[in-house]
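Have a look at the structure below before the remarks.
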């Protein structure tokens, strides 16, 4: 396909026809339904664009009794071309019936099968020319009459007066035509200006969002990629064009996604697909693409506007859930090695595993539905004038807030629809953006002022300035994220419920194993003692894992309680080290001496932080290496450090290490779900403390956290 910039697309061709001085219209069916009419044709008819979609008889009822409607029927039914020259037509202009003269053509346009698909209607107003010709004809006739009938001087004088009147009328007609021509030139200029402003608004919207937006033409060629595309891929827009962006798709996804696009392109329907794209960092990110088709005013296909959202985190959650299934299967196999006395235990574990798999499958389904809801393309535009604070909202945004499309909206009107708890945040964000000329990304609930329904929205935007740094416009996107918010609430409630329900059978299972282990020890059966010890370890792993998910759920639903009391931090660390230390063959634990340090904190929660950091030190370092633990007072804080000599952490990974579900990607495969450090960070922050890490790849890591000393 030729994507040369010198070839106009269909939309551009229609724009050219729109401004051409030749009056042009397109009709369909034998009733001559008006599909398209340029400004010149509307000027001749004395109508506006409201006639589009009406039959010729409905739009111009004064044509009844004139031959033109019957001509259209013949052209449509017989596939003819009917032309006319100096043809009179009576039209109602500004409520007055006037007679005009036209050169016209009704041409049947056929498809490859010879079927008439539309009628191309062109007309040229020749009233001026016709009247001049008539005037000349009358003048000649008068001259001939003068030569033949010189005696009829009085009649000749009357004829001269008529000619004078005709000349005056022609002069008036010429002035009217001149005025119409000026108006047409002004309208064409205004239309070009509007098209330029429309394109500018779209680019402003697209460049101000973190959603990846691309535009394709009717031939399937990409013609635009926004800034988010170039930032993610590290490629210039020129490099992404010419379909070069497809080479960045992961080889395993390319054929499948391209086929989805081509199938939708043939049918002119919306396409939706997931694929991995190579980023500027050399990693592959998962994207969810949604591309609705766009059409010209005449209904012809114009291409696609697609939007892509990064779903890498959700994909990693799916992988973590799969890892959980695999770990549960491993636990079940180890428990199956026990004798008949453990059959009841195995049955309980089997039920627990099925419950967890079923629950996780439901969670996966919920997340998939959430992603589909997020990327339905529900978005609108907004803009604020930095000087006047006047607001411009798209129809989508006005409808969401409960305003009529024609209503002028001010900032105070918008704030009436926003939850009062978010007023201060939004006003501060507005002031900061206008002051620093930065970007904005906020989420908050709004209530429709008509229906009273509340929805969650995400607003992104930035301030655009001129060459001197003066702010010109503050604009961006508003997206409906209600479904995503509701799904997040349901997901957290579901994880909390499942984790809570799984603790009961695990507690019972732990009791059974303890009883059996006591019997095995009493009977000095080493085989059963060893098997039950392994089962006990696996149960503790599952309990710790479930507690982690439960705490995440409580944390995100603001139900994680911090119960403070005064205790000795150094004694707590000694207890945890003693419980965590397995044998000298695994790691050498060095607990540095510490003075008595008392803090006012949640002993159980701080203990879980220390346990998690020590467990990570064992997990990410080789057996036999040393793990150094210290507790000391620095300024007004109690500071704890856990140092290992393991694989270390890169600077890039350290930036995201305390984020939820984040796992380091490396050649070392270590099981886990990425919630331990996230929970530890949240617990320390809720104690007004700090947590951080210092590390170097292949040389080990040192994790620190500090707590304010007990002031009570």
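Every residue, even glycine, has its Cβ placed from backbone N, Cα and C.
Here TrEMBL flags 128-183 (among others) as coiled coil. For the coiled coil (128-183), the mean pLDDT of the prediction comes to 76.
The domain 'PAS' feature in TrEMBL is assigned to 198-268 (among others).
Residues or ranges marked as domain 'PAC' in TrEMBL: 271-323 (among others).
As annotated by TrEMBL, coiled coil applies to 314-348 (among others).
The annotation domain 'PAS' is assigned in TrEMBL to 366-437 (among others).
Positions annotated as domain 'PAC' by TrEMBL: 440-493 (among others). Look at the domain 'PAC' (440-493): DSSP puts its residues at 12 helix, 30 strand, 12 coil.
Among the features that TrEMBL reports, domain 'Histidine kinase' is placed at 497-711.
Summarised by DSSP class, the composition of the domain 'PAS' (198-268) is 43 helix, 10 strand, 18 coil.
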